[in-house]
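According to TrEMBL:
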DISULFID  52-71  disulfide bond
DOMAIN    83-235  domain 'Cupin type-1'
BINDING   128, 133, 138  oxalate binding site
BINDING   131, 133, 138, 181  Mn(2+) binding site
């Protein structure tokens, strides 16, 4: 009887340990699921109504901050709220390109819709320099000309892999969310492309401008160590005029 009682006691303890482990695994899974759910909802939310036209900045006084724009009363919304004409960009500049964005800041009817676009004009040998969109994926279609495009992956496995492709009229290329990318006109004449982005306000960070043209400037000592060059090289780069083609 004593052996049986001892065996039952051990089995009961093992059952409790196993049950505790199952509860802990379930808790971990729940936490992981909630984390993924939070991540999935961290971008532009799906619209909760047919439309929500943005009010101009400054028209709401002493209002609370919202993630996006305040909505215009649907009763006073007009067709012009969903319309914008885009002219060709002036490519006579240091980069030979001009990006004309159409985000919620230029077209109020985009508010809450989670999309935007940009017209990109290129002169001969024009460049849309390496940049990233912190809040969006980009899909590009070439309307005219020939472009060399590319993006660089994150530094996983100590490798920043470069993907490049030559695009001609009608070709489409996607630049994954947040990765550094560029477009360069390698044709003989001007070029034109249209980019669609997965956010009403995708943002843009031009790498050279951000690193060497920030306000206030990043310490030359920091940049010299990061780029492993002499301080004089950094001082020279920081004194340049970093043109913004947006």
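Quick reminder: no glycine exception, Cβ is built from N, Cα and C everywhere.
Small disclaimer: the values here were computed from a predicted structure and weren't measured.
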Between residue 133 (oxalate binding site) and residue 71 (disulfide bond): CA-CA distance (Å): 25
All-chain count of other Cβ atoms within 10 Å of residue 131 (Mn(2+) binding site): 22
Cα distance (Å, whole number) from residue 52 (disulfide bond) to residue 128 (oxalate binding site): 32
Between residue 131 (Mn(2+) binding site) and residue 138 (oxalate binding site): CA-CA distance (Å): 12
For residue 52 (disulfide bond), the one of 131, 133, 181 that lies nearest, given that the binding-site residues are compared by Cα: 133
Whole-number Å value for how far residue 181 (Mn(2+) binding site) lies from residue 133 (oxalate binding site) (Cα to Cα): 9
Residue among the disulfide-bonded residues 52, 71 whose Cβ has the most other Cβ atoms within 10 Å: 52
Chain-internal residues, separated by at least six, CB under 8 A from residue 181 (Mn(2+) binding site): 130, 131, 132, 138, 149, 150, 151, 152, 175
